[in-house]
Amino acid sequence: MNLKKIAAERAAEYIKDGMKVGLGTGSTAYFAICRLGERVRDGLQIQAVATSEASDKLAREWGIPIIPFDQIGRLDITIDGADEVDPDFNLIKGGGGALLREKIVAANSDKLIIVADGSKAVQQLGQFPLPVEVVPFASEWTFQALENLGCRPKWRMNGDERYLTDNGNLIADCQMEAIENAAELNVKLNMLPGVVDNGLFVDMADTVILAKDDGSIDERHRS
Ligand SMILES: O=C[C@H](O)[C@H](O)[C@H](O)COP(=O)(O)O
């Protein structure tokens with residue numbers, strides 16, 4: 001039983017003819033894109049933007065019409081994965097390095113649907129290292145500023161090289177352990193010069209679809 005596929009395919013049912021759709025990134029969003037691709041082959045009419053080069057490529061392979069972000073206008077729904085989801089619908093995202101485009105696309109969407117297997121549900125965010133996207137200029141200075149904030153950063157690596165995002169930036173993964181106040185930390189991090197954005201998504205998710213171990217779906221809507 002593939003729990004990611006179950007959650008992602010449930011979310012794909014929300015997409016209707018004529019909608020403008022944001023396509024997330026990662027191993028769960030992958031299944032949503034494939035399901036939408038099947039439906040496009042069966043005649044579903046949508047326009048989409050992707051949150052990463054990988055999702056852009058996958059969507060194009062399925063024949064999903066991809067429109068440049070600055071031309072598509074407001075999106076109806078974005079379907080994306082998450083690394084952690086708390087009971088207040090706050091998220092950690094960016095395990096796949098796509099957090100910046102994901103946050104921009106989510107901010108431009110009427111509805112953000114998060115899909116995941118049940119293991120992503122946590123009582124408190126922070127066990128998963130929080131990704132922070134950092135510009136290469138003065139990166140050691142920014143790294144030090146993250147250390148001074150108590151974030152315990154570690155550069156993400158790609159073999160011997162530092163990992164680079166689709167935007168040409170670095171990722172510092174911050175081992176926070178327990179994030180007491182996600183809203184406050186989100187602002188503090190984004191106020192540091194050199195930080196482009198971070199993987200905390202606060203008050204952004206509208207619906208969370210979790211597939212549980214027995215294959216049943218736990219679907220929650222933020223009021
Ligand atoms: O940068 C990647 C994204 O935020 C992903 O949506 C997130 O890491 C979850 O990925 P997955 O569905 O592969 O666990």
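A Cβ is built for glycine as well, from the same backbone N, Cα and C atoms used for every other residue.
Look at TrEMBL and you will find E102 tagged as active site, proton acceptor. Per TrEMBL, the feature substrate binding site maps to T25, G26, S27, T28, D80, G81, A82, D83, K93, G94, G95, G96, K120.
What TrEMBL annotates, mapped onto the structure for a quick look.
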residue	record	Cβ within 10 Å
T25	substrate binding site	29
S27	substrate binding site	13
D80	substrate binding site	32
A82	substrate binding site	29
K93	substrate binding site	30
G95	substrate binding site	21
E102	active site, proton acceptor	32
K120	substrate binding site	22
- Relative to the mean position of the Cβ atoms of T25, G26, S27, T28, D80, G81, A82, D83, K93, G94, G95, G96, K120, the recorded substrate site, which additional same-chain residues have Cβ within 8 Å? G24, A29, A98, A116
- Message: If you compare CA-to-CA distances from the residue listed as 'active site, proton acceptor' to each of the binding-site residues D80, A82, G95, which comes out shortest?
- Response: D80
- Query: According to DSSP, which of helix, strand or coil covers K120 (substrate binding site)?
  - Reply: helix
- binding-site residues near ligand 1 among T25, S27, D80, K93, G95, K120 (Cβ under 6 Å): T25, S27, D80, K93, G95
- Query: DSSP on the residue listed as 'active site, proton acceptor', three-state: which is it?
  - Reply: helix
- Collapsed DSSP category at D80 (substrate binding site): strand
